[in-house]
Amino acid sequence: MPFSACACVVAIPPSDSPAGPGVPRVAVVMGSDSDLPTMQPAVQVLERFGVAVEVRVLSAHRTPLEMVEFAQMARGRGFKVIVAGAGGAAHLPGMVAALTTLPVIGVPVQSRALSGVDSLHSIVQMPAGIPVATVAIGNGLNAGLLAAQILATADPRLAQEISDYRDGLHGQVTAKDARLQQLGSRAYLEQMG
């Protein structure tokens with residue numbers, strides 16, 4: 001079977017203009033389309049906050065030239081943060097970080113062989129001078145939240161939305177605690193099913 005070196009755009013098409021509403025400010029890239037279930041929570045939380053996102057499949061090993069071009073042009077295209085997920089050898093986040101000065105957030109994708117520990121170790125062991133912020137194995141949601149928080153340092157509207165989101169989390173936990181206190185642990189567990 002012949003090898004295809006094309007990268008696949010799976011959401012919002014690229015824009016040549018680095019300014020204007022709707023222009024992606026965060027890129028979510030992954031080494032394979034099989035990583036999309038892990039990365040989709042990042043896309044969803046960013047979209048929830050009104051952050052335009054471009055989602056790409058770019059393999060450090062199978063489409064290296066496209067990956068290099070993307071990383072080198074990312075700042076000029078208006079991106080502010082890149083979320084990069086990969087499994088196994090997980091070279092994509094580090095290679096992207098080596099080619100841009102934008103913040104890169106690495107998402108270790110769970111693998112069959114080592115349950116994602118291999119991916120985690122690959123991403124967190126970057127050499128001095130080329131940082132990659134790293135979230136927990138499979139935690140695309142936190143990667144999206146971190147990207148939003150980075151953007152929120154210069155966006156008061158987004159900062160307020162993140163604060164409201166956290167208030168919602170607080171409310172969920174306090175409601176669960178009140179219910180636990182009311183029912184007791186045994187009845188609470190039975191209701192959890």
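Positions of Cβ are set from backbone N, Cα and C atoms, glycine also.
Averaged over the domain 'PurE' (24-173), the predicted model has a pLDDT of 97. Summarising the annotation, TrEMBL assigns domain 'PurE' to 24-173.
The substrate binding site annotation in TrEMBL covers Ser32, Asp35, Arg62. Around Asp35 (substrate binding site), the same-chain residues six or more apart in sequence whose CB sits under 8 Å from its CB are Gly85, Ala86, Gly87, Val109, listed in sequence order.
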May I have the DSSP-based helix, strand and coil counts for the residues of the domain 'PurE' (24-173)?
73 helix, 25 strand, 52 coil
In whole Å, could you give the widest CA to CA gap in the substrate site formed by Ser32, Asp35, Arg62?
15
Counting Cβ neighbours within 10 Å across all chains shown, tell me which of the binding-site residues Ser32, Arg62 comes out on top.
Ser32
